[in-house]
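Below is one structure; the comments refer to it alone.
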Amino acid sequence: MDKVLNREESMELMDLLGLERAAWGNLPLMRKAYLKKCKEFHPDKGGDEDKMKRMNTLYKKMEQDVKVAHQPDFGTWNSSEVPTYGTEEWESWWSSFNEKWDEDLFCHEDMFASDEEATADSQHSTPPKKKRKVEDPKDFPSDLHQFLSQAVFSNRTLACFAVYTTKEKAQILYKKLMEKYSVTFISRHMCAGHNIIFFLTPHRHRVSAINNFCQKLCTFSFLICKGVNKEYLLYSALTRDPYHIIEESIQGGLKEHDFNPEEPEETKQVSWKLITEYAVETKCEDVFLLLGMYLEFQYNVEECKKCQKKDQPYHFKYHEKHFANAIIFAESKNQKSICQQAVDTVLAKKRVDTLHMTREEMLTERFNHILDKMDLIFGAHGNAVLEQYMAGVAWLHCLLPKMDSVIFDFLHCVVFNVPKRRYWLFKGPIDSGKTTLAAGLLDLCGGKALNVNLPMERLTFELGVAIDQYMVVFEDVKGTGAESKDLPSGHGINNLDSLRDYLDGSVKVNLEKKHLNKRTQIFPPGLVTMNEYPVPKTLQARFVRQIDFRPKIYLRKSLQNSEFLLEKRILQSGMTLLLLLIWFRPVADFSKDIQSRIVEWKERLDSEISMYTFSRMKYNICMGKCILDITREEDSETEDSGHGSSTESQSQCSSQVSDTSAPDSENPHSQELHLCKGFQCFKRPKTPPPK
């Protein structure tokens, strides 16, 4: 390069290129600077034209001289100019052709004498072995495999890598990786004549990205790049024999606690089990109902209005227990999934009970559930009035003769579930009380009401509601050919006639719900309510008993004057029917498992509701008055009447009836104080004299 340009020209060119003098001879760098200065000095770009011309002149001269200097000068000759071999002209041409060759190419071919002497001995000696070429490693040392990722084709991103290469390339890669990825930590370790680079990056990368970057710098040298699964364990192994540290970016290296972050405060998780227990205890089968009820528990117990009123036992009884869990539940993102699992648990438990428990045990469990509810709402923390429910008992007792026997017989029917003797029919005109009694029986036993008036193609999923139910009610079944033209026609009776296998209960039938598999089971027993439609004989044979209802004006008037019965749905409540059974039936009629609780409730009714009070309730019903419009007057003869047991109460009722059976001259039916409205007549109690 010193012969290309003289010193002044070379210095001038480097100044024009804007490079340091030490860069003279770095042709790629000079070429890059030349192109850059061309844009700067070009006249069209607003540059200096003189500098542009001078720089072009010097740079072109340098390029030309460098090209000539690198070409070997062998002389130029043409084959036609070579004279004939052997002539004097050829000898002179050959001499002139060889003048330019370097004399160093001359070789002395004389042999040393010592070589000749040693020839004989050397012929019988073994020639020296050639050095074997050392093969490059194919993988990391085997003792490090447990710390490395062995994935070959993976898009997984990591933040720790290990590179295995030659010692020379490792020195270059150590700096290049540090600059390229701004590594958090990097170290170089000796390994059997080669190097291993261990480094941590602040961001996650694919192994292929690290490998591609390193391959650009390792054209001939071997390179193995892998991700690290156990960072500190690998680093610790590289610091012990047979490895040792050459250099690292942090003095002292890494410590174990660098990879063990401080444990954050343990985040509280929602207790799915606690929510499931609440759903099972309350027998909640509605996902959204359970979701709404549980979200109400997140508010402070002391400020909760429902807990202060104590009118909802499923709330105030569980609020304090579930308060802490409800706060976490309110912030959860999978509330519906939690509630769905809880509801599924309730349905699963019901199915197990249906399979393993007898129907009598299931009814006893249902009675226990109702008694628990009665203990709550009629207890110290409840706000229900026992007299109002006993008013409902009196009203229902006036609905049918011997109502307690009717209910008892129906329970006997659904408990034993005898094939072809499982269904009752409630038939009567509008507002005769059949639906009221059916709703109460449904709530007493537990079950579902079904609409059988749908078209046959839609009836499949309606019947699927009866899966795992104790009983069903086919409500307000419509038919054709009614005597009254006011009654609408429908497909209900025809559909029921097509469901004889369902009503008989002799064989199992397939029931299905949407999004659920078919369930094969005996269809549950129950009852049917309808208006005065004609019933085919084939369907009539499926009913073990038919009760004809008739509307009673005094019941309607009494109900209108006692609005609390409708507002609180007392007449449709299973608690009312259970109180009716407790009031009229003997303890022996109940299951032995609940007889002790029945005795407690009989004693409570004796202490709070006297026979006089109950008789006044029935009298007000017959008069069409408000049932609780009772004048409280104390009299030893009437107030002492109480009924310590059901047998006693029955004897008192019979004595009361015997009073009414006196001759007509004493108590004629035409008198104002005597009532006979389609049930057992009784005499109005005499008004006791004042104290």
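Here the Cβ of each residue, glycine as well, is placed from N, Cα and C on the backbone.
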Range among 55-59, 105-109, 295-299 that Swiss-Prot annotates as motif 'LXCXE motif': 105-109
Cβ neighbour count (within 10 Å, all chains shown) around S432 (ATP binding site): 22
Taken over the motif 'LXCXE motif' (105-109), the model's mean pLDDT: 56
Candidates G428, P429, G433: member of the binding-site residues with the richest Cβ shell (10 Å): G433
Residue from G428, G433, T435 whose C-alpha is spatially nearest that of H315 (Zn(2+) binding site), among the binding-site residues: T435
Other CB atoms, at most 10 A from the CB of K434 (ATP binding site): 25
Cβ-Cβ neighbours of T435 (ATP binding site) (radius 10 Å): 19
